[in-house]
Amino acid sequence: MEPPTIGQSRPAGEQGLHRAPTTPPPPVDAGGGPGSADVDTVARVADRIRANVEKVIEGKSDVVFAAVVVLLAEGHLLLEDVPGVGKTMLSKALARSIDSTVRRIQFTPDLLPSDITGVSVYNQSTRQFEFRPGGVFANIVIGDEINRASPKTQSALLECMAERQVTVDNVTYQLESPFMVIATQNPVEMEGTYPLPEAQRDRFLARVSVGYPVPAAEIAMLTSHGDVNPLDDLEPVTDGAEISKLCGIVAQVHVSEAVQRYAVALTSATRESPDLLLGASPRATLHLVRAAKARAALHRRDYVLPDDLRALVQPVLAHRMLPSAEAAVAGLRVATILEGIASRVPVPETTA
Amino acid sequence: MRAGRTPLGSTLLIAMVGAGTTWAALTAWSDFVTQPSDYLVPLLLVGFVVAATGALLRALGTPRLLTVLVQIAATSALVSLSVTGSPLPVGSTGAELLDALRTSINSAQAYAAPIGSQAPPIWPLLLAGGAVFILIVDVVACTLGRVPGAGLALLAVYSVPSGLLEGAPGGASFLAAATGFLVLLHLDARDELMRWGRPLGPDDRSPWGGGSPVRDAVRAGAGRIGVTATALALVLPAFIPVLDVDVFDLGAGAGDGDIRIRKPVTDMRRDLERGRDRPMVRIRTDDPDPEYLRISVLNRFTGTEWSSGDRDVASDNVPDGRLPDPTGLSQDVPRTEYSYDVDITEQFVSTWLPTQFPASLVEAEGDWRFDPGTMDFLAADDDLTTRGIGYEMTGLALDYGTDGEFFRNAPSGSVQDEVLDLPSGVPAIARDLARSVTAPGLNDYERALLLQHWFRRGGGFEYSLERAPEGYGNDTLESFLSEEGRVGYCEQYASAMAVMARVLGIPARVAVGFLEPRRIGDGIWEYSSHDLHAWPELYFSGAGWVRFEPTPAGRVQSVPDYSRVPVDGIGEGGPQDPSGSETTDAGGTTTPAPTRAPTVPIEEGQSAEDGADGDRGMRTVLVAGGATVLLLVVLATLLLGPRAMRARLRRTRLAGGPDDLWTELRATAVDLGVPWPTGRSPREVGTALVNHLGDPVASQDERPRTGPDAAPAAAEALERLVVQVERARYARPGSIATLERLDLPADARAVMEALVAGVPPRRRQRAEWVPVSLWNR
């Protein structure tokens, strides 16, 4: 299983048309939404982050791009790949590029929900229960090997991820903002693991696969990682406050009615497809549009194109789908099914 | 499957073969008329136009419905043009067309096939029907692509004459149609195969350049099967006695060779109108001047037709010897007996036996029965006809003299009442004229003579077969007798005189038979098909049933001696001295005129044919000319119309916003046959399109180099265009108002030029002249 990648990977024929990030469209002054200056800021900061992360992860700019898209869309990222390809490195580099709090939780079979959310302990000196925050109380939470923990521990993340809050002993604690969970999981070693339930997967905005580096990148990696941990040299390029601001700008990116219809048409098509047992949820539609907004902003556009949605169909939707029994028997992969659906759903042609 | 675009070559070939096949099948209808070219020539044009328009429209990818509608319109125009002379079947022309069709239907019902030029023409019906079949075959075989289904239509074409004509349609048309259908099937199958692509291997010759489809078919082995099947279809029926299909009846008989007398009068007219004069009865006699040979008698007038009425054919009334004396004939009438040896040709088929009247003896094989009242001989056996039989008879030549002494008695009661019956609705003009014309007559005999004279001379009647009205019922009678009418042929004259005689109380009936024979040897005479005639017989006590001859001199030169008696009042109606002129006539025929009299009708027939031929020739020329003009107009519209429409659309769109430019770009791509992904975003389309851009400067190659590198400027223009289209469609409304100063139409033009430069020159031309985008949106 090879989850698709996000962002800048494109067919060979697309050069010249996908130059948007490097050849910005002429400036547009418009009231209401983010001006081009705003999306420029988003793109500039994002470029800084990406450049910073790519110091550590060579040759994976599309994965980095995806991670940034998820960050700006205020979503959570699921990294799925075999061990040793840099999942943890990626998440750490991303976290370190932003001057913010980072927590790493190593999911193990004996991990308890309270380890994630936090626990109230009795303080003998004050003779009161006081709350000891768990692992999620950070701007960026790295959940390593998330499928190794028991389902009940996994579900402790549910509330945090969706509602950005933690409730312990009837007391609700707000999480910090920005808040992003980057979870990694290993699709190969299935023994002793608990695959994420659908409800849990639905809460991740996108799932990407890092994939093996190309030989040249691997050689470069040998040089740079030879003696010293590159993460140590990584300096933050932005801070949590700025990310929050950028997220605000991204949320303002214009989604025309035509694009909205296209998004709904795409997700509806997954629900109606006979090859899929479980289609996309309305939350998936929401996530798709949010991610598309971030992608548009990263391409210095203050409006979403159908192409943004189309490019994000695989990473945003694939991990939420369940193939039907027939499709599974026929050996159809979810990615293939989704690609077929996306190529069939027509783009609305009307001017919004 | 949508009616996609098909290559013009293949669709045109199939369409043409289909139209040709239908046309070949339609030649099976030629036995309906004596002049098949009347409908076959226009149908050839119809077939061509239907096939050409259909093929063209299909090649352009026009929706099927539209294709069929255009074909229907073109066909209607052609049919209308052929029938009425005006291509638009609306308004008065439409009424005229409908009228012509109605006349055709009436004519087809009234006359037996083949229908000649003298009867109201039925070729409009054949033309319209044939056009419908051509359309059906084209629609089924080509537009719908169901070639086997077209076989049903062809079968229907072929079954029309099979069901209606006595003989089966000719084998030639069957052979041609079957061959055409087989070729059609083969072409269809080959097209089907070619959709799988071209075969691999060294033999990659072009499928359309590979010679005739027939040769292909033969080579493919389908030929063997087809030839075997067709041959079996033609040969096998000859060996199966039950199925009288007779398609091999190509020989001497061949459809129009047989002359049938079943319904005497209608058959007579058809035979008279037949182009060729055929010998029918040959007699050897000692009569120096054989006259009329009677076939049957019609003694019942119903107001619409004369019929033979109810016949009393007792089983002992058989022609095996002496016959009873003719009814009402006085023994005092001097009589001479002549013997006749009759041979009927193979081409004369009648269920009535031609006999002399009066006759004293008839001896014939077969179950012929005579009616003692009428003394005509009817086949009692269904299968019995006169075809090829021979028999003997003795005729009575009666000498009534010219003083009318045998006619002076009042009618006795020895005739059936039927011969005096007049239906209600006999036109008043017939009654009035009968009385006024015969006013001077002192007795029935004189009245009859006055009537005859009036018809022949006094009334201003004219004999004309081609202008003769249809039928002889009350309606026709009224118009025939009116001052404006008075044109007809023997049928009307005989009928009118018989009716008027009945009005006067003289028993009358109509006889059908042959006029005078032609001498072909010593004592051998021959009656031919052009000698067929009808005349009235009037009854006079003492004289019996006596023949009169109202048909004018244009057809019949002489009248019987006894009817040449001068009567007071004759001559008042006409300018000439009656007796003198009549005597002159008589002088011409008192001596046997073996050649003259019979040749007159023949010459008449020929001249009539010639005139009709001339008219027809003119009409064919007119039809062809008009059709050519129409075709040219249609072609010009087809050629220039789309181009002009496309240019106007382009101008309008280039003046519009980004979306209009995009639409125009798409139309251009469709015109050029450049793939345009449907239902994709502008960016995706642009990505696909950029690979088809060519360099406008170096675009003369057969296969121009394309891609973003070939036309970098156009690629950039396309990119700008895409961005603007995206912005127009998806950006926040209002941001469009402050578009930077970009010359988008120029960009669009650059892209379009590059697209044009990116396709081979032939496709460029097609896009120019046949912009498909007008149909395929």
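Sequential numbering from 1, following the chain as shown.
Each Cβ is built from the backbone N, Cα and C atoms, and glycine gets one as well.
Lifted from TrEMBL, the feature list:
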COMPBIAS  B:583-599  compositional bias 'Low complexity'
DOMAIN    B:482-552  domain 'Transglutaminase-like'
REGION    B:307-334  region 'Disordered'
REGION    B:557-615  region 'Disordered'
TRANSMEM  B:40-58  transmembrane segment
TRANSMEM  B:122-140  transmembrane segment
TRANSMEM  B:171-189  transmembrane segment
TRANSMEM  B:225-243  transmembrane segment
TRANSMEM  B:621-641  transmembrane segment
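Taking pairs at least six residues apart, the transmembrane segment (B:40-58) and the transmembrane segment (B:621-641) share three or more Cβ pairs below 8 Å and count as touching. With a cut-off of 8 Å between Cβ atoms, the residues of this chain six or more beyond the transmembrane segment (B:122-140) that come close are 15, 18-19, 21-23, 25-26, 29, 32-33, 35, 38-39, 42-43, 46-47, 50-51, 54, 68, 71-72, 75, 78-79, 82-83, 97, 100-101, 103-105, 107-108, 115, 146-147, 149-150, 152-154, 156-157, 160. Looking just at the domain 'Transglutaminase-like' (B:482-552), the mean pLDDT is 83.
For the region 'Disordered' (B:307-334), the DSSP-based tally of helix, strand and coil residues reads 0 helix, 5 strand, 23 coil. The domain 'Transglutaminase-like' (B:482-552): residue composition by secondary structure is 17 helix, 33 strand, 21 coil, according to DSSP.
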